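This report refers to the structure that appears directly beneath it.
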Amino acid sequence: MSTTDTIVAQATPPGRGGVGILRVSGRAASEVAHAVLGKLPKPRYADYLPFKDVDGSTLDQGIALYFPGPNSFTGEDVLELQGHGGPVILDLLLKRILALPGLRIARPGEFSERAFLNDKLDLAQAEAIADLIDASSEQAARSAVNSLQGAFSARIHQLVEALTHLRIYVEAAIDFPDEEIDFLSDGKIEGQLNGVMADLEQVRTEARQGSLLREGMKVVIAGRPNAGKSSLLNALAGREAAIVTDIAGTTRDVLREHIHINGMPLHIIDTAGLREANDEVERIGIERAWNEIEQADRVLFMVDGTTTDATEPAAIWPEFMARLPATLPITVVRNKADITGETLGLTEVNGHSLIRLSARTGEGIDLLRDHLKQSMGFTSNTEGGFLARRRHLQALETAARHLIQGHEQLVSAYAGELLAEELRLAQQSLSEITGEFSSDDLLGRIFSSFCIGK
């Protein structure tokens, strides 16, 4: 579809409400105003007017706002009609506007896409709009606002600017090799490069926090039947989310709960007890359990403390450990401490975390919550922080890798040309975050995930 078309969409959620808003953006916005309102409202002033049908009858009455480009959200002429929020009324008004020449329904995210294409905001800021709408906690919402206001973009621009200056210095050393001073070996370039690498690592740390706020942590509770997995889910969720009985195999499917630990979203997944299945339904549940385990950020390996004294996962259940991905973090949860009399607490055993608790009484649950938060490196104090997406983390990781490779070329061989190329690639990766260097395919995937009307 053409980006020169005039687009229209409902900007408020579907359904009934006190107010319903239609947004129009494009060169024909003023013509829509004349057709529906009978005049062009004074720019940036609220005007209370009737909204007219083609035969002159009144469809609704409400507030009209006109923002001529480039001083608008999209950078184009924008008209907003704020009427009553009944779906029938809004549908009639939408049909009236679409009947005008040159108008079409906006694609999901197309208003934000046009704002990006018209340099009203960069790609990270555009993504922050969707993140603000989807925020699941106050902390996530505040961080999304910071991103929308350019906090994340400013950090990226600082890195790009530093790389630009460094590239200029390196290129000068390459272009003027006969100068008396060997710029590549005098220590200045390495010092500047080390500074950029340190700054990038700080941004990566903050971005990981922002990603946790947005994406959350996926924790899977796994173990044998009747180990107390569902009781642990209920204890973490603070409600009776799962049925708990003494009958082994009560949980036959995957159960999901979404909670927050001091602002960090946590996706808890309770799974069917792992054993040889007795029937087809249980077999399917166990296979789903393994699928969830393989995609987890951390596994809580639930152990009935009354059945074994072992604390090493391989000693408790070697077959289970053999099937787990080698890099998947595990916390062994020895349950039923209220029965065994074990001392509550968290320890490290041969590289694995071990916690003793009672899911039934709730003793030790706060220790587990703190452990989960700390295991992901999450800090509650993110004042001035920003949200980050997985693609942002990947771009930052790629940039860091190129800088490391460039540093190796510098200190081992004083290879200026190779260093310059690594700096260019690092700069390119960072520019993908703000959209200064992005493929059309990437932009399409990002904006298609937005709401219609945004």
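The backbone N, Cα and C atoms fix where each Cβ goes, and this holds for glycine too.
Around R23 ((6S)-5-formyl-5,6,7,8-tetrahydrofolate binding site), a 10 Å sphere centred on its CB holds 23 further CB atoms from the protein chains shown. Under the heading (6S)-5-formyl-5,6,7,8-tetrahydrofolate binding site, Swiss-Prot lists R23, E80, K120, K454.
In the three-state DSSP scheme, N226 (K(+) binding site) is classed as coil. Taken from Swiss-Prot, the feature K(+) binding site applies to N226, T245, I247, T250, supported by sequence analysis.
Positions annotated as GTP binding site by Swiss-Prot: 226-231, 245-251, 270-273, 335-338, 358-360. Around S358 (GTP binding site), the same-chain residues six or more apart in sequence whose CB sits under 8 Å from its CB are N335, K336, A337, D338, I339, L344, G364, listed in sequence order.
Swiss-Prot lists S230, T251 with the feature Mg(2+) binding site.
Within the model, the domain 'TrmE-type G' (216-377) shows a mean pLDDT value of 81, rounded to a whole number. If you look up Swiss-Prot, you'll see 216-377 marked as domain 'TrmE-type G'.
The local packing around S230 (Mg(2+) binding site), expressed as other Cβ atoms within 10 Å of its Cβ over all shown chains, amounts to 24. N226 (K(+) binding site) sits 55 Å from R23 ((6S)-5-formyl-5,6,7,8-tetrahydrofolate binding site), counting Cα to Cα. Every protein chain shown contributes to the tally, and the Cβ of K229 (GTP binding site) ends up with 31 other Cβ atoms within 10 Å. Note: the Cα of K120 ((6S)-5-formyl-5,6,7,8-tetrahydrofolate binding site) and the Cα of K229 (GTP binding site) are spaced 50 Å from each other. Note on E80 ((6S)-5-formyl-5,6,7,8-tetrahydrofolate binding site): other Cβ atoms within 10 Å of its Cβ, all shown chains, come to 21.
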